[in-house]
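The domain 'Kazal-like 1' feature in Swiss-Prot is assigned to 627-673; the stated evidence is sequence analysis. Among the features that Swiss-Prot reports, N-linked glycosylation site is placed at Asn39, Asn86, Asn200, Asn297, Asn352. Under the heading GPI-anchor amidated serine, Swiss-Prot lists Ser942. As annotated by Swiss-Prot, repeat 'Knot 1' applies to 37-84. As annotated by Swiss-Prot, repeat 'Knot 2' applies to 104-141. Annotation comment: Swiss-Prot describes 151-197 as repeat 'Knot 3'. Residues annotated as repeat 'Knot 4' in Swiss-Prot: 216-263. According to Swiss-Prot, the feature repeat 'Knot 5' maps to 292-338. Summarising the annotation, Swiss-Prot assigns signal peptide to 1-22 and lists sequence analysis as the type of evidence.
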Amino acid sequence: MASVRASPRSALLLLLAAAGVAEVTGGLAPGSAGAVCCNHSKDNQMCRDVCEQIFSSKSESRLKHLLQRAPDYCPETMVEIWSCMNSSLPGVFKKSDGWVGLGCCELAIGLECRQACKQASSKNDISKVCRKEYENALFSCISRNEMGSVCCSYAGHHTNCREFCQAIFRTDSSPGPSQIKAVENYCASISPQLIHCVNNYTQSYPMRNPTDSLYCCDRAEDHACQNACKRILMSKKTEMEIVDGLIEGCKTQPLPQDPLWQCFLESSQSVHPGVTVHPPPSTGLDGAKLHCCSKANTSTCRELCTKLYSMSWGNTQSWQEFDRICEYNPVEVSMLTCLADVREPCQLGCTNLTYCTNFNNRPTELFRSCTAQSDQGAMSDMKLWEKGSIKMPFISIPVLDIKTCQPEMWKAVACSLQIKPCHSKSRGSIICKSDCVEILKKCGDQNKFPEEHTAESICEFLSPADDLESCIPLDTYLRPSALGNIIEEVTHPCNPNPCPANELCEVNRKGCPSADPCLPYSCVQGCKLGEASDFIVRQGTLIQVPSSAGEVGCYKICSCGQSGLLENCMEMHCIDLQKSCIVGGKRKSHGTSFTIDCNVCSCFAGNLVCSTRLCLSEHSSDDDRRTFTGLPCNCADQFVPVCAQNGRTYPSACIARCVGLQDHQFEFGPCISKNPCNPNLCPKSQRCVPKPQVCLTTFDKFGCSQYECVPRQLTCDQARDPVCDTDHMEHSNLCTLYQRGKSLSYRGPCQPFCRAKEPVCGHNGETYSSVCAAYSDRVAVDYYGPCQAVGVLSEYSAVAECAAVKCPSLSAIGCKPIIPPGACCPLCAGMLRVLFDKEKLDTIAKVTSKKPITVVEILQKVRMHVSVPQCDVFGYLSIESEIVILIIPVDHYPKALQIEACNKEAEKIESLINSDSPTLASHVPLSALIISQVQVSSSLPSSAVVGRPLFHSLLLLLSLGLTVHLLWTRP
């Protein structure tokens, strides 16, 4: 579908027409309030037009829409017109959710300024509270966002063009030449207005004074080059002119090892001479998208993708070829879905749309682009389609008058293409083929269809899928959501993103210290995965990125440093993704998943990785069925726990041996009963502190110590990391606790319902002293009392295994529960059973910390990808050597909507693991997760529910650590 190519004024009029407002040219009565206000914009025709439309509008909804868009055409600097409209239209200038300055508010230094910014709808609203000379960063960010909103709106629904445009305005540094070149290459044919707008911005951007780098000229080895360098820096202004002049004057190309060019590289990021900031490593222009290139099915698209996202932007021809050959090719759905994950990840929830209103109030559905800009794009598309033609990249589809032929269905199509609802499993965003065929048969102008084309053939190309797990049924969006205020039961603190462009939004799961008010999210510093990337990772984390040249299967691991750049990169051995597996005489390519009996398997670089579940088949004899226990190696159902070297308690020695452990690698008794500090292996200057952990890496290579040595300090200056002692007293950190001579009970704030020690059995088969102790280990609780049974592993397992266990009641809302493997009691949750590559984990540990990688590390990383604070992540290593991840509601009485949200989060993460999406795979050690199976607990009607929640939903409050949740007492 083509975008509008018109002047800025005609584009504005099209916007107003699409809003349903007739154009009024000088139609306001002379002397009226509207005429007086609009006369303040007589030198800005675009602003005058929108002003007249505002005062002519009779519809509240249209007025609201126009007011939201007005700042794009009437800059905040036009104080007179804004003051006039404020006084002439009292009550209508309320906070706009779409204000471009909202994402800048965290940059405010003053608290009052920050609060005013978050309540504002325009820059005028903060001018009295926020002083420009003091809040430079805030006002710079707002001005940049205002300019970006105007420029990038010309991209229409062209995702790539809009993305490259937004990258120009995303940071407070001067746009790089490659960024500007990318916009020119990809947007020139789409919107000349956009190019002109961006050029105006980049040319006006305050550049660093070239004379600040004069000292670099002395590093040139050639005297003539030294003189040429000084002359060029004194006379040239732009970066391009300087680079071209130096190449010509010094007769040398820019080489990083050349002292002259090395100095320029350093000084470009350093404010003062001699203060060196090393240039970022070569991670490609966009490491996240480069990861997607290996998913291309054709060599042509793989090469084009690699060329575009590796070390230098492709030329215009490369972009056009990628657009023509790959961007809409159904064969390349894996690569395209991966790229979409990077550009616009699927996120739960959609609200505050003014045109696509049927998409609002859907807190448990996933969308890629629920934004005011996409909402506007859908309205613009509808206006274009009303002209009788839908322009697609390879075909123009003639249609009848869509204002009278199925208008609501066409609106659903336009909104779906822009808002992009996506499946939790496939993450696909295309509409279903049957809907496509139906609407084209009814409303397509079939007499004008291109030769040899029918509704079916057109839809076969545009929407080839009709599987409800791969396509979006339009029927869902032909009516408003059935949910009203109930949507408040599920919140999305980071959607839309409230943080500045260079920071990462994280859900606040720690609560507020001392019951002080605080935000439900936090903004943390991050790094981009390349110059042109908008994929941000947390500062201090390890990241896996493809090699900068884009060789398939070659990766490096980097750390996100304090500078905001990826640094300390370490190459990993390349993986041969061309290697296949032979299974049952059939060849399985890398990444293929399949089942063998009841086990799930995946081929990973020629290695077959399978779960180790014991299976019964239709051919099993009666004797086999009678003796079948469901346990590994068909071990007897006997609970005589042993503690293995990896820190995991196994139900019996038989099961420990079955998972590959030798007799000398485990000892009888649960791990929790062992004292790792006896004997004390720490030096006298350090204190031995128990630190139980379950390790996933090879013990012989990296060990798995169950303690840590902490320095004995006279003063404790560590950051706040609350812990609770055995007397139920809280301390700010471990250092303070031990300094006061206390013993650790559990990590985290003290909780009232853990005052009395009451043992509980965790899903991992470990007995904990309290619920809080289990939760500090990120283990959810199965039942009260010490562990006494092996638990259920399969549908064939005997129910007698858990006969002596008394399970707590399910939640009041009710659900169709699940039973985690090895547990006895059902619960309402989403569950993932994940296979991992142990060799990959060993490699990661070897090239990074040389320390073992633990289950808790995996869970903490996965936790960052759960966006709903009403759900939290727990898990353990099963006795079948799978990582079991549970996404469980945390509220007192979880509602059906909250259970559904946890289910959707689980399905989303399963899809990201199975598709090797960079959304997850970029994060070390999640890149070692190979394949996942999901199981969710669907909600039941309230009439089917009996009992009150006595355990699971209440105890999970600990995951938040919020004082508001401390109301519960045991019955």
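Cβ atoms are placed via backbone N, Cα and C, with glycine included.
The structure, with features from Swiss-Prot marked on it.
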{"residue": "Asn39", "record": "N-linked glycosylation site", "Cβ contacts under 8 Å, 6 or more apart": "none"}
{"residue": "Asn200", "record": "N-linked glycosylation site", "Cβ contacts under 8 Å, 6 or more apart": "none"}
{"residue": "Asn297", "record": "N-linked glycosylation site", "Cβ contacts under 8 Å, 6 or more apart": "Val331, Glu332, Ser334, Met335"}
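Cα of Asn86 (N-linked glycosylation site) to Cα of Asn352 (N-linked glycosylation site): a distance of 23 Å.
When Cβ atoms from all protein chains are considered, those within 10 Å of Asn86 (N-linked glycosylation site) total 15, not counting its own. Taken residue by residue, the repeat 'Knot 2' (104-141) breaks down under DSSP into 23 helix, 0 strand, 15 coil. Asn352 (N-linked glycosylation site) counts 15 other C-beta atoms within 10 Å of its own C-beta, drawing on all protein chains shown. Within the repeat 'Knot 5' (292-338), the DSSP-based counts of helix, strand and coil residues read 32 helix, 0 strand, 15 coil. Residues in the domain 'Kazal-like 1' (627-673) partition by DSSP class (helix H, G, I; strand E, B; coil) as 16 helix, 8 strand, 23 coil.
Averaged across the domain 'Kazal-like 1' (627-673), pLDDT in this predicted model comes to 92.
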